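Now, the feature entries from TrEMBL:
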type	residues	note
DOMAIN	35-459	domain 'Major facilitator superfamily (MFS) profile'
REGION	1-22	region 'Disordered'
TRANSMEM	34-53	transmembrane segment
TRANSMEM	73-94	transmembrane segment
TRANSMEM	100-121	transmembrane segment
TRANSMEM	161-182	transmembrane segment
TRANSMEM	188-210	transmembrane segment
TRANSMEM	237-256	transmembrane segment
TRANSMEM	276-298	transmembrane segment
TRANSMEM	310-330	transmembrane segment
TRANSMEM	336-362	transmembrane segment
TRANSMEM	369-386	transmembrane segment
TRANSMEM	436-454	transmembrane segment
Amino acid sequence: MASIAHSGDFQSDPAGEAAGEQYQGYGTPRMRNYALFMLTLISALSLVDRVALGIMQEPIKKEFQLTDFQLGILGGPAFAILYSMLGLPIAQLAERYSRISIVSVSLAAWSVATAACGMAGNYAMLVMGRLGVSVGEAGCNPASQAALVDYFPFSRRATALAIYSLSVPCAAVIAGFAGGWLADAIGWRWTFAALGMPGIVIALILQFTVPEPVRAHRPPAAKSALIPQLRVLSRNATLWFLMLGASASCFVGYGLSQYLVSFLMRVHHLSIVQAAAFNGVMFGVFAAIGTFACGALCDRLAPRFPRVSTWLPALGMLAAVPLYVIGYWVDSFRVAAPLLFIGAMLNYFYMGSIFAVVCSIVPPHLRTLANALTLVFMNLIGYGMGPPIMGYFSDLFHERALAEAGLTTGQCLAAAQGPIAAACAQASAHGLQLSIVIGVMGYFLAGILFLASVKTVRRDWIG
């Protein structure tokens, strides 16, 4: 594979950004579309890997005798910390070196790490594997998005990036159906291998078939220190409300995505294939409908209600809370399923508008930094803290349920079947169910924070 070398792509494009919308894009339309397909496929692969861990965690938990808190560490901070912190440095590398090569190397790295997770002999080795995956995946989105901006003319960029964003729901659906089937058919170890090995081949295909786009000419921006820029952003009350609201939502959302399959298997006794498919439909189909519906509604209502992008997501978030509470608490799966589907659609309203609002309340030269800062908050607080804290309370309520039944964890580990095993399984299901029901209350906090931004956005609005 070619190294990530300082390439000749710094030459100015004569019809580039200096000419505004006259820039016709890099290469032929067929080549641009092929590059978009490859980068979208690679983004989906990265997300499939993350979703698949939550799908396979029940057999992993059983083999290594893990607690829910340990599963939360595996799916949360073991991935989120390095992933969040490396995003900005890699984005800076993408400004200087070949972005296609960065994506190729990143894909190969996380593919090897994913396959290695299947060979883990203990929990510590699995954590190390997830750390390796996070380092690799941190290089995917910054470099891919930067390349797409230069591949497509101004008039086609929004469409190209919208297509690229479809990797999120597509990955949820693919992981839900294929991941559950693979885990059931060949086990979690071989599933990790099956998810990882194709990425190495795709990395080679990308490197040798997708050319690095010429960087469109941009006037050199005056460098300014980071600290003064952060001070400017820190005085923006609306930005704080949006960042904290999105972080609170991600805190709950990442926890739910981590434990939804486990919840369905423990509480409603679904098979791993059925639970994974439900997970794919909920987070892949209904969440996507909510995201795009909110964006379309905001565009339609904006002429009459200019600040609709702040209060509509808040209303969706607040409306989702009772649906989630009832959906996660009722014993009937037939009652729970539609409530959870509609709840997911409503609570994901905010994803369709938050970054558009962020870009409208800060000066143009600070938009990239404000978006990056918002993502860091969402990933560190949401991804990093949501799964382990939800897992911690699941274990806590589990232990209390065992104590009330006169049982201990040791007895549960020793009981393979019979009344004791059944009582232990019921206690585990109760612990996770109670933790999730309490956890979804965090969406109420998120909705209140989004509503608070309605009062300050008029003052901070730039447009």
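Each position is counted from 1, following the chain as shown.
Placed from the backbone N, Cα and C atoms, the Cβ positions cover glycine too.
Unlike curated entries, TrEMBL annotations are predicted automatically.
The average pLDDT computed for the domain 'Major facilitator superfamily (MFS) profile' (35-459) is 89. Scored by C-beta pairs under 8 angstroms, the transmembrane segment (336-362) has its highest count with 310-330, from the stretches 34-53, 100-121, 310-330, 369-386.
Stretch with the most C-beta contacts under 8 angstroms to the transmembrane segment (100-121), considering only 34-53, 73-94, 188-210, 436-454: 188-210.
Only sequence-distant pairs (6 or more apart) were considered; of these, fewer than three Cβ pairs between the transmembrane segment (276-298) and the transmembrane segment (369-386) are under 8 A, so the stretches are not in contact.
The transmembrane segment (436-454) is in contact with the transmembrane segment (237-256), judged by 3+ CB-CB distances under 8 Å for residue pairs 6 or more apart in sequence.
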